[in-house]
Amino acid sequence: MGAFHTLDIYLVRHGLTKWNVDKRYLGHTDIPLLLVERNKLNPLREVLKNIMFDYCYSSDLKRCVETFHYIQPQKHVCVDARLRELNFGNWEGFTYETLKDDSSYQEWLSDSVKKAPPNGESLYQLIDRITDFLSDLQSIKFTSPNKKILIITHGGVIRSLFQMFGLAKSIWEVNVEHAKAYRLTLQEIRGEWVCSSLSVEPIQENEI
């Protein structure tokens with residue numbers, strides 16, 4: 001795995017898009033950030049500007065790459081399609097209200113772990129590619145005992161990682177906000193990563 005004792009992973013959900021505002025299912029559809037919403041990334045940019053990240057990764061979709069370049073200007077990022085959101089297939093662009101009476105949609109809601117939207121993917125498939133990404137991350141040869149990694153990704157990916165590290169029983173019980181960094185501190189124990197702490201940055205006044 002490499003010779004490090006702890007690994008801090010900063011998970012950031014991309015900034016807002018038009019479909020996020022409209023509450024439409026947004027998976028692999030590649031739409032940009034809303035220009036009028038970019039200022040909401042400013043507090044996060046301020047928090048992260050003095051952190052020296054050893055590696056930066058992003059989903060290859062526009063909303064994540066644009067978020068990265070806004071909060072980490074002039075920094076290099078490795079884009080990786082495995083960090084994409086769940087593929088909602090034929091339901092991309094639709095809202096709950098337009099789908100709620102569809103029997104196949106109701107079946108998916110009852111078992112989204114195993115079932116996939118038409119021409120989409122199941123949560124099992126999402127977790128498989130996240131696991132594959134983590135395996136590659138695990139193989140990096142680190143030169144110091146403490147490393148910091150920034151990952152710009154999507155709500156479904158972050159929720160899945162929370163579940164994988166035992167921070168949530170179900171991905172649906174986790175609320176992942178836009179423009180926040182979820183810092184997971186991982187420790188290597190017998191060749192496995194264990195999450196020893198979770199924090200959220202920036203902290204809002206009403207969270208103190």
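Every residue gets a Cβ built from N, Cα and C, even glycine.
Taken verbatim from TrEMBL:
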type	residues	note
BINDING	Arg13, His14, Gly15, Leu16, Thr17, Lys18, Trp19, Asn20, Arg63	substrate binding site
ACT_SITE	His14	active site, tele-phosphohistidine intermediate
ACT_SITE	Glu85	active site, proton donor/acceptor
**Asked** For Arg13 (substrate binding site), which DSSP three-state class applies?
**Response** strand
**Message:** Helix, strand or coil by DSSP: which one applies to Glu85 (active site, proton donor/acceptor)?
**Reply:** coil
**Fill in**
Between the C-alpha atoms of Gly15 (substrate binding site) and the residue listed as 'active site, proton donor/acceptor', the distance in angstrom, to the nearest integer, is 14
**Prompt:** Given the binding-site residues Gly15, Thr17, which one is most crowded in terms of C-beta atoms within 10 angstroms?
**Reply:** Gly15
**Request:** Sort out the sequence-distant neighbours of Arg63 (substrate binding site) for me: same chain, 6+ apart, CB within less than 8 Å of its CB, listed by position.
**Result:** His14, Gly15, Thr17, Asp30, Ile31, Pro32, Leu33
**Complete:** Using a 10 Å radius on the Cβ of Glu85 (active site, proton donor/acceptor), the other Cβ atoms enclosed count 23
**Item:** Diameter of the substrate binding set by C-alpha atoms, the set being Arg13, His14, Gly15, Leu16, Thr17, Lys18, Trp19, Asn20, Arg63, in angstrom
**Value:** 15
**Euclidean distance between Cα atoms of Arg13 (substrate binding site) and the residue listed as 'active site, proton donor/acceptor', Å** = 10
**Asked** How would DSSP class Arg63 (substrate binding site) in three states?
**Response** helix
